[in-house]
Amino acid sequence: MTKYIFVTGGVVSSLGKGITAASLGRLLKNRGLNVTIQKFDPYINVDPGTMSPYQHGEVFVTDDGAETDLDLGHYERFIDINLNKYSNVTTGKIYSSVLQKERRGEYLGGTVQVIPHITNEIKERVYRSGRETNADVVITEIGGTVGDIESLPFLEAIRQIKSDIGRDNVMYIHCTLIPYLKAAGEMKTKPTQHSVKELRSLGIQPNIIVVRTEMPVSQDMKDKLALFCDIDTKAVIEARDADTLYAVPLSLQEQNMDQIVCDHLKLDNPAADMTEWTALVEKVRNLSKKTKIALVGKYVELQDAYISVVEALRHAGYSFDTDVEVKWVNAEHVTAENVQELVGDTDGILVPGGFGDRGVEGKIVAIQYARENKVPFLGICLGMQLASIEFARNVLGLEGANSSEINPDTPYAIIDLLPEQKDVEDLGGTLRLGLYPCKLSEETNAYNAYNEPVVYERHRHRYEFNNQFRPDMEKEGFVFSGTSPDGRLVEIIELKDHPWFVAAQFHPELVSRPNRPQPLFHDFVKASITNKESK
C-alpha cells in the first residue's frame, strides 16, 4: 500500500520545507523505494504562470507542460525524477474543479461546502499522485505557514487522510524555526511550541519536528521540545544552515530521519547508500577553480527568479572542478557606454528568459558585446529571440528590427506570433509549454554538446522566430542549428565565426541535475573557462 508523508511549516515561511521534503525523498529513493512528491500552494491563482517573479520566483515547467512552483525544481534535482501536472496543486485549481463539478450537477443538488467537497477534492489530488506514478511513498509539502487561514482546508484534508487509511500509512513532519536572540545570547523554543500547539489544535500530531537553526541545538533543548510537543526525542531533527543545499540529505541521514520514517510507516528497506551523493558534496565543497558568468536579467533583485539557471551553471561547473560565480547585472542599467564596465570582468555572458519590454535594450547591448568581443554566450528563450534581433539590427542593418511582442509596429518582426496564437486572448496556460523534440544539425556547437540527432527539451513561450528572415541571416553566418523535426520552428541558433555563441528557444536549465549537467550549460561553462584561461 502507498504511504503518505505530509510536510508542514510553522513560525515563518521560507524555512526550507521544500529542501527538507526533497532531501527525504532522496534518502527514501536510495533505500530502493519508488518516491513521488508534490506541493500544495494555498494561493487562489490556478497556477503561478501569470504571477510576477517578484511575487513568486521562477515558474518551473514540467515535461507535460504544467507551470509550477520553484520547489518542484528542487524536488527534481534532488530526487532525480521528472514530475508532472499532478505534482503542484493550488487552492485555485481545487476550487475551479469543484465549481466545474457543481455546474455539471455532480453533487446532485447538494450544498457545496468546504467540508466535505473541497477537502475531498484535496484528498483526491493526494491519492491521484500515488496512483499515477505507482509510488511506494508520496511526499506532500503544504505551502504557507500553520495558522494561515488559506491553509486550513489542506490541513483538514491531510488530517482526514490518517483516519481514512490508518496511522501506519501516514506521517506528519513539521518544520519550524528556533530563533537565536543575539542580545540574550540564547535560542528560543517557544515559537516552535506554539506552532505545534496550533497544529495539534487542528487535529494533527507531528511525528517528526525539523528545527531550522543557525546554532547547534543542545540535547536539553531537544528533550524540552520532545516533552512539550509530545514526540520522541530522536524525532527532533536539527536543520542547521548548510554550506551547500546538497549537504542537507546527508545531515538528515546522520540524524536517522529516514530510519524514523521507515520505522513509523513499517517500511523494511535497507539503509540508503549515499556514497555517490557524499562524493558529490565533497566535490562541491572542494572546488579548486573559479569562473565568473554575467547573468543579464531584469529580475536580478530576486535571485529566486533564476534559481534553475544558477543551479544549472553550478552543476556544469562541478564537471570542471570549478566554482561558477554569478555576477548579477540589471539589464535596465546596461548601455553601450557602460557595458564594458558591467560585463568586461566576466568570462561568459548569459541572457535568460523573460516577458515584456523592460530591460530588453540592455540585454541586446550585452548580446552585441558578447558577439563582437568573442565572449562565450548562452541565450535562453527571450535571450535567443534578442540574439536574433541584435544580429538583424547590427549585422543585416535592419534598423528597428524587433519582436512583435515588444513593438507591434516594428518594420521587421524578427520574432512573431505563431499563426494559431494570433487570436488567443487568455494569458494563463496558453503558451507553448512542456517537452518538445528538437532536431540538431551536425557539425554545430549544439550537436557537439548533445552528441545526438534529436533531443527533447522543455518550453515556455508564445513567440517564435519569423522564418522569412532565415535565408538572409544564414548568408551572414547565423546558424540555425536546432529546429522542430518538421523544420518549421527555430529551436537553437548559433554564430559561425565565434568561439561559442549559442541560444535556445527552450529552457535547458529545467532538466539539469547536480550529477548530470545539461549539455548546453556544460559546454557554455567549458567555453567560459577556456576564455578565462586565454586572457
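Note that Cβ sites are derived from N, Cα and C of the backbone, with glycine treated the same way.
Values in this document were obtained by computation on a predicted structure and should not be read as measured data.
For 1-267, the entry in Swiss-Prot reads region 'Amidoligase domain'. Restricting the average to the region 'Amidoligase domain' (1-267) gives a pLDDT of 93.
Residues annotated as UTP binding site in Swiss-Prot: S13, K188, T189, K190, P191, T192, Q193, K224. Within 10 Å of the C-beta of Q193 (UTP binding site) there are 16 other C-beta atoms, taking all protein chains into account. In the three-state DSSP scheme, Q193 (UTP binding site) is classed as helix.
What Swiss-Prot lists as CTP binding site is S13, D148, I149, E150, K188, T189, K190, P191, T192, Q193, K224. All protein chains shown were included, and the count of other CB atoms within 10 Å of the CB of K190 (UTP binding site) stands at 11.
The feature ATP binding site is assigned by Swiss-Prot to S14, L15, G16, K17, G18, I19, D71, R240, D241, A242. Long-range C-beta contacts of S14 (ATP binding site), restricted to its own chain and to partners at least six residues apart, with a cutoff below 8 Å, are absent.
Cβ environment of D71 (ATP binding site): K17, G18, A21, A22, K39, F60, E141 lie under 8 Å away, each six or more residues apart in the same chain. Per Swiss-Prot, Mg(2+) binding site is recorded for D71, E141.
Look at Swiss-Prot and you will find 292-534 tagged as domain 'Glutamine amidotransferase type-1', backed by sequence analysis.
Spatially close to C381 (active site, nucleophile) yet at least six residues away along the chain are P352, G353, G354, R460, H461, A504, Q505, F506, H507, judged by Cβ distances under 8 angstroms. Among the features that Swiss-Prot reports, active site, nucleophile is placed at C381, with the record citing sequence analysis.
Per Swiss-Prot, the feature active site maps to H507 (among others). Neighbours of H507 (active site), defined as other CB atoms within 10 A of its CB across all chains, total 24.
Of all Cβ atoms in the protein chains displayed, 29 besides its own lie within 10 Å of the Cβ of E509 (active site). Look at E509 (active site): DSSP puts it in a helix. The active site annotation in Swiss-Prot covers E509 (among others).
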Given the binding-site residues G18, P191, the candidate whose Cβ has the fewest other Cβ atoms within 10 Å is P191
Between any two of S14, L15, G16, K17, G18, I19, D71, R240, D241, A242, the residues recorded as binding ATP, what is the biggest Cα to Cα distance in Å?
-> 19
Across the record's CTP-binding residues S13, D148, I149, E150, K188, T189, K190, P191, T192, Q193, K224, the largest CA-CA distance in angstrom?
-> 31
Once the DSSP letters are reduced so that anything not helix or strand counts as coil, what is K188 (UTP binding site)?
-> coil
Within 10 angstroms of the C-beta of T189 (UTP binding site), what count of other C-beta atoms is obtained when all protein chains are considered?
-> 19
In whole Å, note down how far the CA of E509 (active site) lies from the CA of P191 (UTP binding site).
-> 38
Among E141, D241, all listed as binding-site residues, which has the most CB atoms within 10 Å of its CB?
-> E141
Specify the count of other C-beta atoms within 10 Å of the C-beta of K224 (UTP binding site).
-> 16
